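Undergrad: Annotations for this protein, taken from TrEMBL, read as follows:
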- N80, R81, H175, S176, Y177, D244: beta-D-galactose binding site (BINDING)
- H175: active site, proton donor (ACT_SITE)
- E311: active site, proton acceptor (ACT_SITE)
Amino acid sequence: MTQVSHQPWGEVADVGSVDLWVLQSSNVKVEVLTLGAIIRAVCCRGNNGQMEDVVLGYDDLEGYVSDKRYMGAVVGRVANRIAGGRFVVEEKEYQLEINNGPNALHGGLKGFNKAIWLATAVEDGVQLSLTSPDEDQGYPGEVKASVSYTLQGETLTAEYQASSTKTTPINLTNHSYFNLAGQVHDASNIYDHQVSISAQSYLPVDDTSIPTGEIRAVEGTPFDLRQQTVIGPRLKELPGPGFDHNFCLSGPKDPWAVRPAARVCHPASRRVLEVSTSQPGVQFYTANFLDGSITGKGGSRYGKHNSFCLETQNWPDAVNQASFPECLLRPGEIYRHVTRFTFTTV
């Protein structure tokens with residue numbers, strides 16, 4: 001049985017009031033904000049039996065309002081990068097705002113992560129809904145989107161749905177930063193974490209992090225994470241600052257199904273996070289661009305490689321890459337994806 005409660009958490013000037021929702025089972029407690037549908041905290045037990053928070057974030061609302069790293073938020077209308085911020089849909093070219101080098105990232109300067117969502121209690125959780133108007137951040141069509149967070153025992157489920165009045169690209173994910181040591185008030189690096197990702201291939205990227213179009217087998221590369229791998233030593237084998245790559249969980253012609261995606265273990269606390277999803281990809285990101293300038297929970301300075309993200313999503317820049325899985329949502333269709341996060345110990 002999951003207990004669900006909520007309370008006011010503050011006001012955002014010229015935007016509205018923000019509520020904090022709490023989902024509590026016997027094993028896990030999850031805190032959710034109506035701002036950005038943000039997962040503010042996930043508290044779960046380690047080998048000492050204590051409930052500790054494993055999600056990075058901020059102590060107050062102002063931290064999330066000014067945040068530029070998408071801490072815990074649902075990002076959209078299109079997660080990840082679109083090359084040049086340009087795409088063509090039904091013979092019309094659209095130009096988005098550029099907010100990541102030469103590219104558009106995570107929906108724009110005022111994407112879904114900066115909106116206040118409407119919250120409604122559902123069994124074992126909360127549903128958050130949002131209407132994105134036609135031409136919002138440059139995207140076509142009015143989109144009605146929702147994410148339901150439900151907690152059953154040790155498993156947090158995020159179910160995304162959307163519809164649109166015009167054909168539009170869409171790609172929704174949650175951008176939580178995890179550190180399973182449970183010391184997010186004093187988050188150290190994740191070099192001792194062990195990760196496995198259920199992917200036979202990944203997407204190489206150019207120097208602006210746009211996929212080149214190649215789908216490359218992981219075998220014989222540092223991207224082979226099919227067996228449990230210690231993160232620290234593996235990071236030293238990578239040519240760049242760390243992992244920020246899409247791992248291919250399924251192909252363009254594979255049927256919709258919830259599949260195992262990733263497993264991360266922190267041996268010292270014995271905490272385990274397992275992720276499964278219906279999405280065709282997962283972006284494994286090792287917080288390469290946190291630089292100590294962000295003051296997070298308890299005054300902690302969040303630095304490089306002190307956390308990881310497992311962003312379940314469609315493949316990046318799919319709207320411009322015909323060989324990638326379909327990312328267009330057409331009028332009359334329903335976009336639906338499910339991701340499950342299970343928190344246990346070994």
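Positions of Cβ are set from backbone N, Cα and C atoms, glycine also.
These numbers come from a predicted model, not from an experiment.
Neighbours and distances for these, please.
TA: Other C-beta atoms found within 10 angstroms of the C-beta of R81 (beta-D-galactose binding site) number 23, with every protein chain shown included.
Close to H175 (beta-D-galactose binding site) in the fold, though at least 6 residues off in sequence, lie Y70, M71, G72, A73, V74, V75, A79, H106, N113, C309, E311, each with a CB less than 8 Å from its CB.
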Undergrad: For N80 (beta-D-galactose binding site), which residues of its chain lie six or more apart in sequence with Cβ-Cβ distance below 8 Å?
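TA: The list for N80 (beta-D-galactose binding site) reads L105, H106, N171, T173, N246, Q283, E311, Q313, P316, D317, given in order along the sequence.
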Undergrad: Near D244 (beta-D-galactose binding site), how many other Cβ atoms are within 10 Å of its Cβ?
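TA: If we count other Cβ atoms within 10 Å of D244 (beta-D-galactose binding site), we arrive at 20.
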Undergrad: Please list residues from the chain of S176 (beta-D-galactose binding site) whose Cβ is under 8 angstroms from its Cβ, counting only those at least six apart in sequence.
TA: I39, V42, V55, L56, M71, G72, C309
